[in-house]
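J.: In case it's useful when we look at the structure, here is the feature table from Swiss-Prot:
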type	residues	note
ACT_SITE	CYS1350	active site, phosphocysteine intermediate
DOMAIN	130-222	domain 'Fibronectin type-III 2'
DOMAIN	565-654	domain 'Fibronectin type-III 7'
CARBOHYD	ASN74	N-linked glycosylation site
CARBOHYD	ASN89	N-linked glycosylation site
CARBOHYD	ASN117	N-linked glycosylation site
CARBOHYD	ASN239	N-linked glycosylation site
CARBOHYD	ASN299	N-linked glycosylation site
CARBOHYD	ASN345	N-linked glycosylation site
CARBOHYD	ASN431	N-linked glycosylation site
CARBOHYD	ASN551	N-linked glycosylation site
CARBOHYD	ASN620	N-linked glycosylation site
CARBOHYD	ASN737	N-linked glycosylation site
CARBOHYD	ASN851	N-linked glycosylation site
CARBOHYD	ASN982	N-linked glycosylation site
Amino acid sequence: MRPLILLAALLWLQDSLAQEDVCSSLDGSPDRQGGGPPLSVSVTSRGRPTSLFLSWVAAEPGGFDYALCLRAMNLSGFPEGQQLQAHTNESSFEFHGLVPGSRYQLELTVLRPCWQNVTITLTARTAPTVVRGLQLHSTGSPASLEASWSDASGDQDSYQLLLYHPESHTLACNVSVSPDTLSYNFGDLLPGSQYVLEVITWAGSLHAKTSILQWTEPVPPDHLRVRALGTSSLQAFWNSSEGATWFHLILTDLLEGTNLTKVVRQGISTHTFLRLSPGTPYQLKICAAAGPHQIWGPNATEWTYPSYPSDLVLTPLWNELWASWKAGQGARDGYVLKLSGPVENTTTLGPEECNAVFPGPLPPGHYTLGLRVLAGPYDAWVEGSIWLAESAARPMEVPGARLWLEGLEATKQPGRRALLYSVDAPGLLGNISVSSGATHVTFCGLVPGAHYRVDIASSMGDITQSLTGYTSPLPPQSLEIISRNSPSDLTIGWAPAPGQMEGYKVTWHQDGSQRSPGDLVDLGPDISSLTLKSLVPGSCYTVSAWAWSGNLSSDSQKIHSCTRPAPPTNLSLGFAHQPATLRASWCHPPGGRDAFQLRLYRLRPLTLESEKILSQEAQNFSWAQLPAGYEFQVQLSTLWGSEESGSANTTGWTPPSAPTLVNVTSEAPTQLHVSWVHAAGDRSSYQVTLYQESTRTATSIVGPKADSTSFWGLTPGTKYKVEAISWAGPLYTAAANVSAWTYPLTPNELLASMQAGSAVVNLAWPSGPLGRGTCHAQLSDAGHLSWEQPLSLGQDLLMLRNLIPGHTVSLSVKCRAGPLQASTHPLVLSVEPGPVEDVFCQPEATYLSLNWTMPTGDVAVCLVEVEQLVPGGSAHFVFQVNTSEDALLLPNLTPTTSYRLSLTVLGGNRQWSRAVTLVCTTSAEVWHPPELAEAPQVELGTGMGVTVTRGMFGKDDGQIQWYGIIATINMTLAQPSQEAINHTWYDHYYRGHDSYLALLFPNPFYPEPWAVPRSWTVPVGTEDCDNTQEICNGHLKPGFQYRFSIAAFSRLSSPETILAFSAFSEPQASISLVAMPLTVMMGTVVGCIIIVCAVLCLLCRRGLKGPRSEKNGFSQELMPYNLWRTHRPIPSHSFRQSYEAKSARAHQAFFQEFEELKEVGKDQPRLEAEHPANITKNRYPHVLPYDHSRVRLTQLSGEPHSDYINANFIPGYSHPQEIIATQGPLKKTVEDFWRLVWEQQVHVIIMLTVGMENGRVLCEHYWPVNSTPVTHGHITTHLLAEESEDEWTRREFQLQHGAEQKQRRVKQLQFTTWPDHSVPEAPSSLLAFVELVQEEVKATQGKGPILVHCSAGVGRTGTFVALLPAVRQLEEEQVVDVFNTVYILRLHRPLMIQTLSQYIFLHSCLLNKILEGPSDASDSGPIPVMNFAQACAKRAANANAGFLKEYRLLKQAIKDETGSLLPSPDYNQNSIASCHHSQEQLALVEESPADNMLAASLFPGGPSGRDHVVLTGSAGPKELWEMVWEHGAYVLVSLGLPDTKEKPQDIWPMEMQPIVTDMVTVHRVAESNTAGWPSTLIRVIHGDSGTERQVQCLQFPHCETGSELPANTLLTFLDAVGQCCSRGNSKKPGTLLSHSSKVTNQLSTFLAMEQLLQQAGTERTVDVFSVALKQTQACAVKTPTLEQYIYLYNCLNSALRNRLPRARK
């Protein structure tokens, strides 16, 4: 192996030496520096955008290797990115996978020996790619196309768009766009033209292109017209369409629905359609086409002419004319036939008719018939004519009738003729010659039965004789019997004979009768039937009938027929008991008979039971052994020969069988169930009757198939007797009576309220009678009866005491009545174990020592849970442990860390007690303060501001919890003594102590999320302490020098408190308050406020609470409860910061405050509430009113405890008994509740609960549900009104006291969305409700306290009662003291504000109130008319929240203006100076009471509106009419009320009695009507000048006091007033003067609406707020109530919606 390695090394060395020789020879060559001849390199993409192809030609021979390097170039021309390298010995190379359109740098290196390489650098660019998804489409306009595409891959510089015609290559558009442009719109193109779009992608000088072809849309053709050229052709015309290549014509046959299509070339504008159907409507559609586009133009409709009918033929018939023809080709709408000649007639026929008849008789003459064919607007006309001869017009006579007349005078005169006439018609009918000597004349072929006249004419034409006579009539045809409906009737009928007659005669005869035929009956010629009545049934008759005319009769026609037999009469069917048979009986019918046929049917189901033939003498028949309870029908008919009469029918029943096995059971206390078994046979129904003590109670009737029935609404626990009866028609059979009991009544629900070891059980009994029975309440423990107590029926409350906490028992109620007993479902009472008591936490640095007392009862263990509180409000679990002991050591804790400890007791029933939670903080390791800290700095000129510096007591001063300021006038002390901290300002000022504790405040340097201050300056001597002996920062003694020291306390409540002092400061002289500058005093006050806020925040944050161990005098005096007592005011501007601080750490500060309040007032006596006589009057046993504040009712005689009700007086903001808090009434205390309302003069009731929640009755329904009044004791309550909103309901009651005979109105406001033991969803809804309550209370100022209740009267009631004064305090003082408010509440009623969530919610409401800030002025500004409806809807949302907010702003604005006598800016100084001045002047003229003193106010209308003068008070005629004249009033409106004492005739002129004053004379002219409103026209004449003026007087409509007019009435009246004021030619309307003897709400409303309508009509805006404010500032107008303010908006909205404000001049 080694020789081989040595050989390889030698070979390598030899090759290296050879290369060195070559390189040495090259170094000496002349081409060394030049590098050899250059290369010729070419670069191309060869049509592929992602590759570059390099080729080169070497200038010198030799096979060299080549190295290639490729790098991309950026926009600046510099290489970047990864380079591609390649080696080759070829003369070309291709790079693949490049980015299209990108620039690249190429390096080609010739690798020569001895490192004599030659490198060529050049740049190149790949070819770009074409764009993707190129589209060219029409935009809907004939002159534009829109192109769109997706960008080309790779890089590009721009896109070039070339649009040209493909045939001529004429360029239409050439534009370049940036690569970011992906669409382009080409305009101004030729319609209907083909274009090619080329999109060229440029990348440097390289490009790639793609193209697309598209057409523009042609212009749609227009002015399409179609005209008919004949019966089978239509010609169309249209205007040429620009750009259209072809026109598509579609002709639609509107009758057949077929289409005819034709395509014509461009340039053609007309086309004729041939071979169409005559008389047919066609619709033509035209479409212009160019390329793929088709644009439809208008449509046109036209008819072809109808074709002519052929072969019109007129044919005369007897007495009429007949026409026929052949229809032409095609369609038609119909025919019109017009007959002209002696008779004119026009007839219209349908398109399918081909003949017509013109009825006669037609007179002879020449007739022409015109036949017109209709088709759309066109017609075709043909005519035909005919001559109608007289013979054709005369009616044809019946042949065979002969007229033979005698009495012809014989004469020898020749040439006589007999002329025949019809008596009824004037025409000549016959003319024959009469031979001389003839005595009769005969005519043949006449009408039978007709009346003729024959005139004998001489040869000279004279009538010598006239004869009349009749032809013989023909007999009636087809005589037959047509009806035998009744046994005593026959109806005959016949057909009239040809010819005429005057009547018919009919007679008849009974076969076998010896009497002559019956009466002859004459009938008229038009009668063809006769009914023969009162014939004998079952008899045969011969009937004869003939016709007669004049004295001639026809032959008689006879017919023989028989009447039917009569049915039997008085048929009856009844049941006979002895023997038990069903018996039928009847009476014989009149007429003939041979026998009776008797059939018996059973009706259900219909079955023939029996069929018998009885003799003609039979009158009854019986059936035995028929089934029971069935209904039978008997049919009896009479037989006579082969005839059978109609049957007589009747029904009857067999008696039913009684029900068997009757059984009665009680299914419910008020229900009995009766059942039975069906007996054999049938029945129609069952009747079950219920008796109680022999008195019928109820009856039930059921069907025959039923086998049971039930009775409801019975009396519980009662014995009843039941009678069951089977009915079959009128027959019945009863079963034996059965007795039964109803179950006794038991409560349908047991509701228990647990409290410690007792329970209050509400027993809910069903409504209705309680009935009878005995009940017991039973407690069971583990299945064994442990306690039993009798209950009275209906008892609704049960008190269970001395229950074992932590134990479970079951409660049931059992009741017995007779043999029955009932029981409720057991109610499991799981008694919650009591919480641990006397919890004490002793903190140390690394552990907490916890002690407690276990509650009594069945308890097992105590669960202790420990959580570490961290900043931000969260908590981390540490550990938990179960223990049966009463003490626990919690080790391994972190110093100066807060821990939340929760102790819960587990009862023997596995139920947990209420958790007792406390926060305990481990102490610091040890605080080692300096023996004496440096003296503090004192700021001069600020009332002695003492500055505490952070760190002045060492670096561990974070363990300091409290700082104190010690003041002294002793100039010799170096540091304070221990006794100084127990001396107060009172000891110093009045007892002569030289040193005292002036101020105590929490550590202000406690670490917080925000920055910690470096120092804290505290003003000293700023409070007015009076005689308080508590710690107080009182004024310093004037003229004394004071020194100050700082005291630091590590804790306040332990003997281990570490106390440190600073040295005293330099002495400073005190400053008298009188001598102190105002700015200094203000600064001091502000500083005090800041300190108070800071202390409050720190108190809330740290929540100090003392332990249970004994305390020395120092710690007792320094407890926060004692220090701050109950007053903890927070300025409104600091409330948000305080709220956020208290909310930190899971609301820890709120929790500690609430824990402090829990014990307040609990030790106060409640003896009256705990008295046994009053226990059942309390809804909950733990909510009992304190004796000192309870509301006492008037005691009823003989009832010593009737003065008790569960209610307390609560102080309000301005009165010690402003509010009454009470529980929701129980059923038995409703009367006491209304007594409370009446005796305490309550006018507003606030209800904060619903009647029932989650199945629990929270409050009894104590008011009427409808208009029917309800009486409780002496008080009757009427419901007057009820209005429901989303979150509350308003009601108004009228109370009537029967004994006192007095009435009073009370309003109830019920908040309906507040769950029990919870809070509303948002503070805004409750705040809006509070504002509503405040408005109602203001309206009833001084009329008694407000009554507030929920269910218990403490939780929701306490929250609401606390919110009322807190809101008032916030509005009046800009300060909130929630703690003190709740403290006072709990001193007057226990448990006020029941839960922590309610306490926090109270703060949330106040925070919302503060954050609302002042109302936006824009909300109450002018509103455009067009937006007014929207503004009304916005204000009405959320139960009128916007109106409430705006109204509060109005009241505040009115309050701000109170006392100011300055006139408004637009007041007219030349008119009535002011309302006060007017009162002063008029009071001199007429002395009247203050409330009736005259007052006048002017409301100017501006340059185009009318002025309005308002006069109030008892005005006489002189004052009224002279003011009318002075102010140029043209309209006078009187608002006098019916109860005013003024006499109308005193101020109004009468028709015959004008009013005359020193200035004017007033005449009554006439009564008129304006806009539907009655008015009086008055003429006023000025005495000196004689000038006249007409005044329109209108009377304001009357409505009840305190109510408003309906909007429609008021708006109609205002419209009438506006029209009166607008009369005349003046540009400015006449002045309106309104007079009212009293200041009323109606006056305010009228004045406001009158001005608002003027605004709307002239300015097109309205400003309700400003109008109401200006009017209220005037003396003549009252402040509107909230309801009136809303009424103004609604009334104005109605007016604008009805466009009432007409244009006014």
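Heads up, residue numbers simply count up from 1 along the chain you see.
Note that Cβ sites are derived from N, Cα and C of the backbone, with glycine treated the same way.
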J.: Where DSSP helix means H, G or I and strand means E or B, what are the helix, strand and coil counts for the domain 'Fibronectin type-III 2' (130-222)?
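T.: Residue counts for the domain 'Fibronectin type-III 2' (130-222) by secondary structure: 0 helix, 51 strand, 42 coil.
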J.: Per DSSP, how many helix, strand and coil residues does the domain 'Fibronectin type-III 7' (565-654) have?
T.: 0 helix, 55 strand, 35 coil
J.: Counting every protein chain present, what is the number of Cβ atoms, excluding its own, within 10 Å of the Cβ of ASN89 (N-linked glycosylation site)?
T.: 9
J.: Hey, how far is ASN851 (N-linked glycosylation site) from ASN982 (N-linked glycosylation site), Cα to Cα, in Å?
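T.: With distance taken Cα to Cα, ASN982 (N-linked glycosylation site) is 31 Å from ASN851 (N-linked glycosylation site).
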J.: How big is the gap, in Å, between the Cα of ASN239 (N-linked glycosylation site) and that of ASN299 (N-linked glycosylation site), rounded to a whole number?
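T.: That comes out at 13 Å between the alpha carbons.
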J.: Compile a sequence-ordered list of residues in the same chain as ASN299 (N-linked glycosylation site), six or more apart from it, whose Cβ lies below 8 A from its Cβ; state 'none' when nothing qualifies.
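T.: In sequence order, LEU224, GLN283, LEU284, LYS285 meet the Cβ cut-off.
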J.: Note down the number of other Cβ atoms within 10 Å of the Cβ of ASN345 (N-linked glycosylation site), including every protein chain shown.
T.: 16
J.: Work out how many Å separate ASN551 (N-linked glycosylation site) and ASN982 (N-linked glycosylation site) at their Cα atoms, rounded off.
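T.: Pair distance, Cα basis, whole Å: 158 Å.
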J.: Give, as a single whole number between 0 and 100, the mean pLDDT over the domain 'Fibronectin type-III 7' (565-654).
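T.: Within the domain 'Fibronectin type-III 7' (565-654), the model's average pLDDT equals 89.
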J.: Tell me, if you would, which residue among ASN239, ASN551 (glycosylation sites) has the fewest other CB atoms within 10 Å in the structure shown?
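T.: ASN551, out of the glycosylation sites ASN239, ASN551, has the fewest neighbouring Cβ atoms within 10 Å.
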J.: Which secondary structure state does DSSP assign to ASN345 (N-linked glycosylation site), in the simple three-class scheme?
T.: strand
J.: Closest of the recorded positions to ASN74 (N-linked glycosylation site), Cα to Cα, picking from ASN89, ASN117, ASN431, CYS1350?
T.: ASN117
J.: Indicate whether ASN89 (N-linked glycosylation site) is helix, strand or coil by DSSP.
T.: coil
J.: Give the sequence-ordered list of residues that share a chain with the residue listed as 'active site, phosphocysteine intermediate', lie 6 or more positions from it, and have CB atoms under 8 Å from its CB.
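T.: Result: GLN1223, GLY1224, MET1247, LEU1248, THR1249, LEU1258, CYS1259, TRP1314, ASP1316, ARG1356, THR1357.
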J.: State the Cα to Cα distance, in Å, between ASN345 (N-linked glycosylation site) and ASN431 (N-linked glycosylation site), rounded to an integer.
T.: 34
J.: For ASN620 (N-linked glycosylation site), write down the residues of its own chain that are at least 6 apart in sequence and whose Cβ falls under 8 Å from its Cβ; none is a fine answer.
T.: ARG583, ALA584, SER585, TRP586
J.: Cβ neighbours within 10 Å, counted over all protein chains: which one of the glycosylation sites ASN431, ASN982 has the most?
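T.: Top count of Cβ atoms within 10 Å goes to ASN982.
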J.: For ASN117 (N-linked glycosylation site), identify the closest of the glycosylation sites ASN89, ASN431, ASN737, ASN982, judging by Cα separation.
T.: ASN89
J.: Measuring Cα to Cα, tell me the gap between ASN431 (N-linked glycosylation site) and ASN737 (N-linked glycosylation site) in whole angstrom.
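T.: Computed Cα spacing between ASN431 (N-linked glycosylation site) and ASN737 (N-linked glycosylation site) is 107 Å.
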J.: Just name the winner among ASN74, ASN737, ASN851 (the glycosylation sites) by count of other CB atoms within 10 A of its CB.
T.: ASN851
J.: How big is the gap, in Å, between the Cα of ASN737 (N-linked glycosylation site) and that of ASN89 (N-linked glycosylation site), rounded to a whole number?
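T.: Approximately 131 Å lies between the Cα of ASN737 (N-linked glycosylation site) and that of ASN89 (N-linked glycosylation site).
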J.: Measure from the Cβ of ASN117 (N-linked glycosylation site) and count the other Cβ atoms within 10 Å, all protein chains considered.
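T.: A count of 16.
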J.: To the nearest Å, how far is the Cα of ASN89 (N-linked glycosylation site) from the Cα of ASN982 (N-linked glycosylation site)?
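T.: Here the two Cα atoms lie 109 Å apart.
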